[in-house]
Amino acid sequence: MANCFNACNKGGVDREVKRGQEICTLDGTVDRHGRRAVRGRTGTWVAGILILVNQGLATLAFFGVGVNLVLFLTRVLGQDNAEAANNVSKWTGTVYLFSLVGAFLSDSYWGRYKSCAIFQSIFVLGLISLSLSTHIFLLEPRGCGNEQSPCGSHSGFHMALFYLSIYLIALGNGGYQPNIATFGADQFDEEDPSEGYSKIAFFSYFYLALNLGSLFSNTVLGYFEDEGMWALGFWASAASAALALVLFLCGTPRYRHFKPKGNPLSRCCQVLVAATRKWKVEMMPSGEGLFELEVKESSQNWDRKILHTRGFKFLDRAAIITSEDFHQMDKETYNPWCLCTVTQVEELKCVLRLLPIWLCTILYSVVFTQMASLFVEQGAAMKTTISSFHVPPASMSSFDILSVAAFIFIYRRVLDPLLAARKNNPKGLTELQRMGIGLVIAILAMVAAGVVELFRLKHAKTDCTNCDGSSSMSIFWQTPQYVLIGASEVFMYVGQLEFFNGQAPDGLKSFGSALCMTSISLGNYVSSLLVTVVMKISTRDDMPGWIPGNLNKGHLDLFFFLLAVLTTADLVVYIICAKWYKYIKFEGKSGDKNANEQAELRVV
């Protein structure tokens, strides 16, 4: 290891591997023993592939429960449709709420590896508990649980055990999800050109693994559960989650780690308090004279510093050195509630700059959620048979997953190399540009859905009682809108994962991934609110509204066109926010911080 540190601790960065030496990572990652991570023996695709397989298996397990949970509540627990839908909404919202808890614990105290291991263990425990309670208590009488044979009533203890189980699943999966994507990205050193490109590709393959896992659960497990084989479906999910956990733990010696940076809330509050205390202090126009730590270069861990940026000038006051601060610095210490470093100030600036971009992604999530709701209702009102074979309307989402897989390949293998060569930039399109393209494709998807609905209405019966399959138009005319949604996901959600991970400060990486999950969560809530408002406005004495129970008497096409208009307006706002956004800039090498030596103070 001595040669490793000699190679890594030179004044300049020697990127060449010399005989008899081992080159260490340059981004500050450490191995499981807390020593600088050796590039050849840690991380890269060996660890990355383990994490991708882990994600696919965990997603299969989660959607093996979530995809048919509403049917389980109605058929097995005897809840009506409204109560079941409400309980599923609460459960789904709780999953995303726990993602913020998991991100906070990871960034502040536990680190990403420990957080992933703990929350995955809770996830497996919840699935085993659900499988046992379903097999032993809930499927009574035996053979119940399908569409023709609902189950009987259950005791309070059985119901309490069920809810404990599914909320353990929500806690485990919610806390795990924002950390696993970031932990996978940690395995690639962005300071190295080849590993940096692999890190970008990792997010695409991560999203692909997520979709492939959900494809299996939506089709195979969904079929068994729909036929009443709930215990088999849940046990398969538990086995998948347990295998995912074992594979994750097997990679322990290979993983790279970032050490947790402490409570980010207190760091942000310190900046606000220090800036408020100095609101009367004069600043230099160029932003010079701000406080930063000078770190010595002989240790096992790097803390990357963020360079000063213009904007949010009020916050810069927190880093102004006053006479009182000089008195404290003479004692080689300072009060962080009175004086903050430039890096600490820039952390808060980063969060404030990310929020407008994040808000613009919520409306895209509204479009995305239509795939699981109104697209399915629209498909149910179309011709769903080919010869004697019935096509379940929800299964059309398979075209979305296949589209995701195809467009990830097309972008990574065809478009990205072409754009990179043309722009003379190895990254091709920036994350913000790709997210904008995702919004454009989402608009096209809503227009396509609206046009399909127009033609469906022309071939529909308006006087039907049960209007499922009441239109002679084939359900496969929905394929373009599903394909477009899948293509938009590749640009929006993959770009979003890359963007929030790359632009979040080192101490808030998991929080950045959690923002992606909360965007989807809020998209569900906004969609529900939008449908309620539209129905309230469009319903009249002689009109049942745009989205009535009988779609043949409504105007679902107008709702899709409304979403296209709202997304267009959102695109305009997004372009303004993207032009305003300032990218985070790290120092190329901030130096090392020795645990046994105190940092020096310097003025920048």
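Cβ atoms are placed via backbone N, Cα and C, with glycine included.
Bear in mind that TrEMBL entries carry predicted annotations, made automatically and left uncurated.
Copied over from TrEMBL, here are the features:
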- 45-73: transmembrane segment (TRANSMEM)
- 93-110: transmembrane segment (TRANSMEM)
- 117-137: transmembrane segment (TRANSMEM)
- 157-176: transmembrane segment (TRANSMEM)
- 197-217: transmembrane segment (TRANSMEM)
- 229-251: transmembrane segment (TRANSMEM)
- 354-376: transmembrane segment (TRANSMEM)
- 396-415: transmembrane segment (TRANSMEM)
- 436-455: transmembrane segment (TRANSMEM)
- 475-494: transmembrane segment (TRANSMEM)
- 515-538: transmembrane segment (TRANSMEM)
- 558-581: transmembrane segment (TRANSMEM)
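When Cβ distances are compared across the two stretches, the transmembrane segment (396-415) makes no contact with the transmembrane segment (157-176), since fewer than 3 pairs at least 6 residues apart fall below 8 angstroms. Within the same chain, residues 79, 81, 83-85, 87-88, 91-92, 120, 123, 127, 130, 145, 166, 169, 173, 176, 180-181, 183-184, 187-188, 198, 202, 205-206, 209-210, 212-214, 216-218, 221-222, 225-226, 230, 233-234, 236-238, 240-241, 243-245, 247-248, 250-251, 254-256 sit at least 6 positions outside the transmembrane segment (45-73) and bring their C-beta atoms closer than 8 Å to a C-beta of that stretch. Between the transmembrane segment (515-538) and the stretches 93-110, 117-137, 197-217, Cβ pairs under 8 Å are most numerous for 93-110. Among the recorded stretches 93-110, 197-217, 229-251, the one sharing the largest number of Cβ pairs closer than 8 Å with the transmembrane segment (117-137) is 229-251. Residues of the same chain lying 6 or more positions beyond the ends of the transmembrane segment (354-376) and with a Cβ under 8 Å from any Cβ of it are 393-394, 396-397, 400, 432, 435, 438-439, 442, 445-446, 449, 478, 481-482, 485, 488-489, 492, 496, 499-500, 503-504, 512, 515-516, 519-520, 522-524, 526-527, 530, 547, 556, 559-560, 563, 566-567, 570, 573-574, 577-578, 580-581. Non-local neighbours of the transmembrane segment (93-110) in the same chain are 118-119, 167, 170-171, 173-179, 182, 260-265, 507-511, 513-514, 517-518, 520-521, 524-525; each lies 6+ residues outside the stretch with a CB under 8 Å from one of its CB atoms.
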